[in-house]
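What TrEMBL annotates here:
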type: BINDING; residues: G189, E190, S191, G192, A193, G194, K195, T196; note: ATP binding site
type: COILED; residues: 844-948; note: coiled coil
type: DOMAIN; residues: 43-92; note: domain 'Myosin N-terminal SH3-like'
type: DOMAIN; residues: 96-777; note: domain 'Myosin motor'
type: REGION; residues: 655-677; note: region 'Actin-binding'
Amino acid sequence: MLTINNTRKNSLIHSPGGEALRLLVNGSCDAGVNNTVAQATFNEKKWVWVEDKKAGYVAGYITRDMGEEVEVRFNDHSTRIININETDKMNPPKFDKVEDMADLTFLNEASVIHNLRLRYLSNLIYTYSGLFLVAVNPYQNFPIYTDEIIRYYKNGRHHEMPPHIYAIADSAYNEMLQERQNQSILITGESGAGKTENTKRVIQYIAAIAGDSSNTKILGKLELQILQTNPILEAFGNALTIRNNNSSRFGKFIRIEFNSSGQIVGANIERYLFEKSRVTYQTSEERNFHIFYQLIRGASPQIKSKLLLNGSLNDYRFTKNSLKDIEGVNDSIEYQALVDAMNVVGISEDEQIDLFRVIAAVLHLGNIEIASSRNDQAQIYETSASENVCNLLSIPVSDFIKGLLNPQVKAGREWVTQARTKEQVLYSIEALAKSLYERSFFALVDRINKAIYRPNNKSQFIGVLDIAGFEIFKVNSFEQFCINYTNEKLQQFFNHHMFVLEQEEYKLEGIEWKFIDFGLDLQPTIDLIEKANPIGILSCLDEECVMPKATDKTFVEKLHSLWKDKSSKYQVPRFQEGFILQHYAAKVEYKTSGWLDKNKDPLNENITKLLARSSNQYISSLFSDYLGDITDNDKKNRVKRGVFRTVGRHHKDQLHSLMQQLYSTHPHFVRCIVPNEEKCPGKIDVPLVLDQLRCNGVLEGIRICRAGFPNRLSFDEFRRRYEILTSGIIPKGFINSRDAAEKLLDAFKLDNSQYRIGTSKIFFRSGVLAELEEIRDTKLFQLFADFQAHCRGWLSRKAHIKRNERLRAALVIQRNIRAINALKANPWWKLFLKVRPTLNCTKVEELKRQLRLKDERIRELEEKLLQESKTRKKLETLNSKLEIEKTNLENLLQNEHSLVINKEEILKQTLQREIDLEDEVKGLNDELNELEGKFEQLSKSKKLLENQMKENGFLNNNNSQTPFLAQQDLKNNNHKEIIKVEHSNIGFVNQIHILLNQIHLLINQVHILLNQIRIYI
């Protein structure tokens, strides 16, 4: 969102454990708060970023606009004229150190690296970038992985906590429990970026929050075993590199499985891309795998005697040229930690000896000395190293030496003994050492899985993928090709997942959007690598591996004939033997020297058969695939299997299986960054970090964001923030927030393609909100400038009036002083001053005057005291009345509150009563009309009778309203009829009056009810 809530961070700092949490939020508490000075400075100029080869990007401001070109002035006071398209817009200071870089209004490389740099220099190593968590290696220890931090992230809400690897792990764990869907956490980055450390922190957090108190003994042991797999894998699979003291030289996918209650029930480890070449070669600044140094320095004399290790690290060819020590690491202590970890996992002492046996055999293999005879054939004159190897591997020495120097090969139908040169034998020894170590490592991983894996069809899992990121070196070989191929697939997976989520939100908000699958952008490169028809790079490599006279050169020539000028992703280099491939991160030039051998991974089959028949069960199990008699059929089948199971094919199948698992999960992404190559804390190399952001796909994710609508605001927040720009557009009174937002957008006259209106939010293209923010800042600047001008004017006028009053007072004082000075110079005044003290009358008058003044002062004080006493009494009385009134008001308020609770029901009953009364009034009006009709008929009958009586002379003409009997001889029937009519007339009149009274009463009740309705409303 546009604004940042920092309240939660301040509360965390002052809570228990806040000292550790302060490192997570240090400096970021001010990230969303306007620094007045910085904001004012920023608003005065139009700031931009300009690309620089050394610094990455440098900040400057535009001093002159010349159309397509602009003049930019930099902080070092230099100026440069550049094209406007070569600049990137800068975010306002309010966005400095923002926790999620997707919230930046200007999403560009310069803004991303600037935000990362500010946070890293403030010891904030974790930052969100949309779906990514970017982790920058601090090269120092921070207390941000303690038990207190774990508790905070366990009990906190994800959106309220600072960025952290624990937040990603907690989110994956909770989503697994709530949505019942498998989760995955993909941790990638270059060597030294901190992948292994973050992987350990994920496992540490999950093991800490997923414990089961009901069965602590069993599950506690399992969780401890899972945690203790790290020291074992690090000892056998990690090494010192130029960038990292503990670099993982293989990729791994750790599946932690849970039951329906969220408790750990097992785990499984899958390994990828093991760097076995390190066994035989390291630079002088690097080391072999840790286990070689730990075993020689930490093992007991009895174990070393059993393994025939009686020398130091300098006595073995595979370790003597490497760097021996790591700063701050004791190999003897690490060896003991390794043994303890293997004991916890359940690896027995005999199994440990078997693992160490392979390490010792590899060391002795490197010490086998090969000489050349006169005819250039290889010879072994000193056999002590060979004997040590054969003793450890439990194979015959003579057969081993013969298999090295004169192996048997099949030539047609005959077996022929072949003489090898020194170089061929050395290559064969190194290949054997690498294969031996690799197979032992794979067996170790399988043994760990056997200890911690509990198959359960009803379980769910969280998978943690720790794998090398995209790599570009000066010389890129087959290993880099496989790593980059893997990252191409992972980036495709991320692109697809990211825009699927965006698409779901657009659909939820009802936004019209044409679906774009950005994963398809990478498909041409992936097809070029793995497709079988037309033949891709891997298929072409496998095909060349079975050709009898194929070489690296024929492989490249075949690739050029297949793909040159046929794919935009494939190019031919000018000079070197190889090809150029366009990946999502950059173009990479691959050198194909040695690709066929690396893909076939050839071994001396004479030696592998010896190892397969070794009397040591562990050694023979490592090469069981080479077990069998030397028959034509067996040989043919075995060779066929070996050919089609090349390294490239094996990696492709593994990657396919991995991607299937990942597509079945809900992923979370972590990108680890190397800040500098000197391993120096607090230093960030901007070009190096930018290169990693491209390779890690962070900038690719930003590109996808920019294609959609990355910035979004709710209707209420949009109105609250930008209503100031269009005063008078929104009418007074209540208006729906959506309608208000639409009116504001119409007033801004934005292009319809720059925004979309959803059901609860407005979505904007990248940069639109930044322009609105700039206009808003300008408007606020003008408003505050006008306000400041009015304030300064008022203060200036007030100060001017005060100065004039002081001037007039000074003139009066000067005039009086001059008069006094003139009087003092008068001789008569001097005489008066001398005579006056001697006069008694003056003293008496002075005393009277003083007494009079004191009396007046006493009277004033008495009157004041009396007045204050009266005022105090009045105030006390008033206070008492107010307290009573307050109590009455509180009671009244309580009663009114009770009435308000039932107001809807009362209102409903009142409305119903009104309707009933109106119906009753209507019925009475109808009855009244009927009675009035009858009354009129009776009146007419009465008048007719009276006229008849007048004609007969029975009535007196002077009184027509009252009947009189005219004569004594009136007939009885006429007299009765007149009386009857008169009585009926009187009865009807009374009924009419009664009905009128009822009508008036009902009308009064209706008015009362209407007043009550108005009161309640």
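Every residue number used here counts from 1 along the chain in the order it is shown.
Backbone N, Cα and C atoms are what each Cβ position is placed from, and that goes for glycine too.
Bear in mind that TrEMBL entries carry predicted annotations, made automatically and left uncurated.
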Other residues, Cβ within 8 Å of G189, E190, S191, G192, A193, G194, K195, T196 Cβ centroid (ATP site)
N137, R243, N244, S247, S248, A468, G469, C672, V674
Which of G189, G192, G194 (the binding-site residues) has the most other Cβ atoms within 10 Å?
G189
Just going by other Cβ atoms within 10 Å, which of the binding-site residues S191, T196 has the emptiest spot?
S191
Note the mean pLDDT of the domain 'Myosin N-terminal SH3-like' (43-92), expressed as a whole number.
87
Which residues of the same chain, at least 6 positions away in sequence, have a Cβ lying under 8 Å from the Cβ of A193 (ATP binding site)?
A135, N137, N244, G469, C672, I673, V674, Q692
Binding-site residues listed as E190, K195, least Cβ neighbours within 10 Å
E190
Can you count helix, strand and coil residues in the region 'Actin-binding' (655-677) using DSSP?
9 helix, 8 strand, 6 coil
